[in-house]
């Protein structure tokens, strides 16, 4: 347990403090307005809707938090992975809540009640996501930010993308502005710029967490991180998820407002049903793959390769499906929306079922030639698609084809790179390369222990030597609590050479800086000797 209360240590902490202040000011102004302004039923209806929505969202998020905590305890997830899971949910939630008002505000610019509802609910939900899932992470972990004198390509990309979004917002405001709504457009432009910068900062923290820069407190950056990455697809999934979330919100808005006559409630429920069916089908397929691998006695590396091959192939296919379908349907919003949402849901499901579960084991080594070849192939496909799109007569068809090709290329390019690395074989790195060997030795030790009979006292589960205070000293693996002797811990540490020891009993990794001699002794066990 932490002795001192947590202090702001991430960029998102400071952003959420600012959001909390803004939300408090908006809520205070709204309450004062309700008290002193003339009684108008619409004002009280809006206030009631804001309060009811916030309480509902708070209850749902509290339930999600409870389920996550329960699963972490049930499956004995390590502290670092717990914090990473919770921070991923929290940061994605904050990022989504900052994006919603920026998009939805264009549909309700002249409706003050709707604007106030969107702002207060979205910002308060962003704060709730942070306080439930992110707050206090620095009691156990830290984000390893780059020094000021070190280049950070992620920060550069986020800055470029943020200014690009701000430019698009300003361009849209210039198109739709009129003299009657000029003050409103000015205020909302400032709000758009502010939220865009906030989103950029939160995106940076999210990329840092997903890129392996979230570490246990006191741990140093591993030098291997400069060479290996956790696959190219991991880097693009947050961006793609955000785009998918924005499109899904727009699809719901089209359905509710009947903005496009062809997008009705039938299309809406068919899309939801098809997406759920795709998720359940892929989940069943995952269980079948796991069952077959167990029956065949496949090795860990073989299982990881087969699942990674299925995952990256599925993501690549899901990325190409909308790029092909759009040529046949053009600006048919109903069919195109159905295809995009179904393909996106399937791609994310492939990622979480077949790629994320192997994230601890799978790393990929950069292959410059493969990256160059895949990039050239996709550039040729993109140029050919634009050339073919120009032949269409309807300008809307041309525009939707180009945008579909552009956005889904972000999904197909990294998945093709990772699939190529899997097919080549020599670019895939197993984080725990000796995992199977440790498992086998552990099984042999248990068998030999049974045949040897009961010992006179506690002994090391690897070498079977009885513990003693001088030579066979019991050492605790801090992450899981299992005990091995100091000599066996030294052998495991020297064999794995990654600043960690993988427990031969439960396969959990314990971070060790400086060698196994710094592991704590099991004094309770020594008292029993």
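Easy rule for this one: first residue shown is 1, then count along the chain.
Backbone N, Cα and C atoms are what each Cβ position is placed from, and that goes for glycine too.
Automatic, uncurated: that is what TrEMBL annotation is.
Matching 15-36, 433-454 against TrEMBL, the residues noted as transmembrane segment span 15-36. Segment annotation: TrEMBL labels transmembrane segment over residues 306-329 (candidates 306-329, 474-497).
Among the stretches 15-36, 42-68, 265-285, 306-329, 402-424, the one making the largest number of Cβ pairs under 8 Å with the transmembrane segment (335-357) is 306-329.
When each of 115-133, 154-174, 306-329, 402-424 is checked for Cβ pairs under 8 Å to the transmembrane segment (186-210), 154-174 comes out on top.
The transmembrane segment (115-133) is not in contact with the transmembrane segment (402-424), judged by fewer than 3 CB-CB distances under 8 Å for residue pairs 6 or more apart in sequence. Averaged over the domain 'RING-type' (460-507), the predicted model reaches a pLDDT of 78. DSSP assignment over the domain 'RING-type' (460-507) gives 11 helix, 10 strand, 27 coil. Sequence-distant contacts of the transmembrane segment (15-36) (same chain, six or more residues past either end, CB-CB distance under 8 Å): 8, 43-44, 47, 50, 94, 116, 119-120, 123-124, 126-127, 130-131, 134, 198, 201-202. Of the Cβ pairs linking the transmembrane segment (402-424) with the transmembrane segment (42-68) and spaced 6 or more residues apart, fewer than 3 are under 8 Å, so the two regions do not touch. Long-range neighbours of the transmembrane segment (369-390) within the same chain, counting only residues 6 or more positions beyond its ends whose Cβ lies under 8 Å from a Cβ of the stretch, are 323, 327, 397-398, 401-402, 405-406, 409, 412-413, 416-417, 420-421, 424, 427.
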